[in-house]
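Engineer: Quick one: structure below, then a few questions.
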Amino acid sequence: MKRLLTLLLVCFSLPALAQELRLEDPELEERARDLQREIRCVVCQNESIDSSQAGIARDLRVLVRERLQAGDSDEEIKAYLVARYGDYVLFRPPMRPETWLLWFGPAVTLVLAGGGVALAVVRRRRRAEGGPAALSDEERTRLKRLLQEDSEKGGPA
Amino acid sequence: MIPELGHFTLVLALLVALVQGSLPMLGAARGRADWMAVARPAAFLQCAATVLAFAALTWAYVVSDFTVLNVVQNSHSAKPMLYKVTGVWGNHEGSLLLWVLILTIFGAAVAGFGRNLPPSLKARVLGVQAWVAIGFFTFMLFTSNPFERIWPAPLDGNDLNPLLQDPGLAFHPPLLYLGYVGFSIAFSFAIAALLEGRVDPAWARWVRPWTLAAWTFLTGGIALGSWWAYYELGWGGWWFWDPVENVSFMPWLLGTALLHSAIVVEKRDALKVWTILLAILTFSLSLLGTFVVRSGLLTSVHAFAVDPTRGLYILLLLVIAAGGSLALFAWRAPSLKAGGLFAPVSREGGLVLNNLLLATATATVLLGTFYPLFVEAFTGGRLSVGPPYFNATFLPIMLPLVAVMAVGPMMAWKRADLAGVLGRLKFVALAAVLAAAATWYIQEGGPVLAALAMGLAVWLFLGTLWELGERVRLFRVPAGDSWRRARGLPRAAWGMSLAHAGLAVAMAGMIGSSAWKQEEVRVVRPGDEVALGGYSFRFDGAQRIQGPNYLSDTAPLTLLRDGRELGTLYPERRFYPVQEMHTTQAAIRTNGLYDLYAVIGDPQPGGAWTLRLYLEPLVPWIWFGAAFMALGGLVSLSDRRLRVGAPRKAAKAAAQPAPAE
């Protein structure tokens, strides 16, 4: 905790150049901001170059704008930064075999857990059906009607 | 002398915990009532000893006893008294002591209020509590003793980290710990139930209020931490998906799931095994949250190795607590009898879906938080997992959850009619679609997610109100009847509505601040005006002010709208000479709908200053919403207190235990 705070502090106390070049083209400027939010300030603790006041973050902000003006695509700029600082500089980890688990993990978890729940429900219903004598069709419709009335009333709390 | 007393009582507490963790457990296994009866006085004694130890450390801080190493490292004679006291837990050793203090107080509360618990269950719960405490006591005494002395004593201390000298952060850890430790009760009950081989609704009636209390505290703690980050870190952010935040968020997410599944156990005697597992996992995540922050594991892998005794001990404790209890679960859970049946479309089914989504969301945060560690350990490569990842994975899980949140409470137990429920919500759905469209229109296109999420927030908010309205038959019966019905509703129902509506409000705040924030950064000289969002800020020059233990540069900003003066904002930049650190104090002016947020940066040549201004739409709603959620928890808790332990048929004669105190 303390370590993190200290690091955070380093990022705030370094001199910041306030009036930065804003790109005149609003579309380019927006792209610059979007990119900045995805690029990590490498000397800070978990902060993007967009919010960091560290010197290197400012340099990178200038660099991003220069590259955008030179006509580079977002991907080219990211590739350039990765070549210099490694994947660490990207807040959005690249999709590669070693990050498949990271990217697909949540969806796989949801599918597996959902499947498990569905299986449990089916199994329990089957077991329950095997239990007491099955209802006749007439009883079933009557039960359904009763239940429906019950749920229309809002049901018990 | 007093620190030695503290040290002594800490050792005493450990010894008492050892007795409490063994004798009553054995007694429960062999059916010896006299052995089981030891648990109660032991829990009281253990609590009293820990209170004394904590008081001794507080004393050392209050009188600035610089012969105590911990005080030297974290205090200073010039520090204001408030921060001398809160400094007790503003460090590794002291915060552990606070943690275990809360643990023993909760343990004593179970012992005191648990008169109507079956003796063997009570003995086992207190026994498990004692083992958790033993882990902490030994960790403290062997690796992080807060009472260690230093000789010769230095003339003054090193002061507390200035960032921690703030009311928000001063009370953030105690709330967080009340939450973490509250889950330990659910955990102890879960382990005790596994040992007993029995889970019944009475068990859930005990677990639920404790879980609710823990959840309420944790909600407050996380909100306070986020608020602190917002006003103290100085760029108007309130959540960063930082590992340290994530580890406190995970127990909250899973604790929320536990809260809901415990309802099913209590009302319908179903989902028992799953609830036990959730209780174990939630507390394991709380332990993870407590320790990982200290180990330095997440900020840097190397910090883990710097202090091998501490790191290894932590790892060992986690493995024993989580691994051991999961092994016990795997061994004993199959013997638990399954309970009530329900159709997939029912209140129970809705709560299962809630649990499914919340558990997946927790797994996602866990994965994102620890993945860089695994990658570094296995391939040596370094990765960053930041907000873009969580936005891409966490939000798609949470948004459907919000969508079903409005529907779930309207479904009947056992078997519900989904089409009927949706039909009853048609006006709410219409309003939600309109809200999404209006958002889309107002922001002129803009982020699709913001419009969608705003629609969902409105859906949840109105859906919650609608459910409440139906329950009191608003506009269908005379207003007086509705009022009587509203007063007659169980407090738990009010609590749920408050909490659900609170989440909707907080959601709107989160959307507003992420999607429509405006900012302006300028170098200003005295007399300069900066315009933002229809307001104008006039900089009148900075003044140097001497604080109690810091120097402050305060820059009064006159706030103008259409040439009219509205007031003055006082953003500050403080310098703490002892730690040679700067902090920013943002000036925030709120009207409840949006915040005007001003920070001064560094001085520039010629009396100029860097000024950062933000207009943060809806941000106050995040904390209003969180406050509603916590309030909902409290309201619901007040209901539990009246009814807990008094199942209508069985234990009518038993005294009301009121464990939630």
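For all residues, glycine too, the Cβ spot is worked out from N, Cα and C.
Pulled the feature table from TrEMBL, pasting it below:
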DOMAIN    B:89-296  domain 'Cytochrome c assembly protein'
DOMAIN    B:315-640  domain 'Cytochrome c-type biogenesis protein CcmF C-terminal'
TRANSMEM  B:6-29  transmembrane segment
TRANSMEM  B:41-62  transmembrane segment
TRANSMEM  B:125-142  transmembrane segment
TRANSMEM  B:175-195  transmembrane segment
TRANSMEM  B:207-229  transmembrane segment
TRANSMEM  B:249-266  transmembrane segment
TRANSMEM  B:312-331  transmembrane segment
TRANSMEM  B:352-374  transmembrane segment
TRANSMEM  B:394-413  transmembrane segment
TRANSMEM  B:448-466  transmembrane segment
TRANSMEM  B:492-516  transmembrane segment
TRANSMEM  B:618-638  transmembrane segment
Engineer: Going through B:6-29, B:125-142, B:312-331, B:352-374, B:618-638 one by one, which has the most CB pairs that fall under 8 Å from the transmembrane segment (B:207-229)?
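Structural biologist: If we count Cβ pairs closer than 8 Å to the transmembrane segment (B:207-229), B:618-638 scores highest.
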Engineer: Sequence-remote contacts (6 or more beyond its ends) of the transmembrane segment (B:312-331), Cβ cut-off under 8 Å?
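Structural biologist: Distant contacts of the transmembrane segment (B:312-331): 132, 135, 139, 142-143, 187, 190-191, 194-195, 276-277, 280, 283-284, 287-288, 291, 294-295.
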Engineer: Does the transmembrane segment (B:6-29) come near the transmembrane segment (B:125-142), with 3+ Cβ pairs under 8 Å (pairs 6 or more apart)?
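Structural biologist: Yes, these stretches are in contact.
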Engineer: Counting a contact as 3 or more Cβ pairs under 8 Å, with residues at least 6 apart in sequence, do the transmembrane segment (B:175-195) and the transmembrane segment (B:41-62) touch?
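Structural biologist: These two stretches do not touch.
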Engineer: Which whole-number mean pLDDT does the model give the domain 'Cytochrome c-type biogenesis protein CcmF C-terminal' (B:315-640)?
Structural biologist: 88
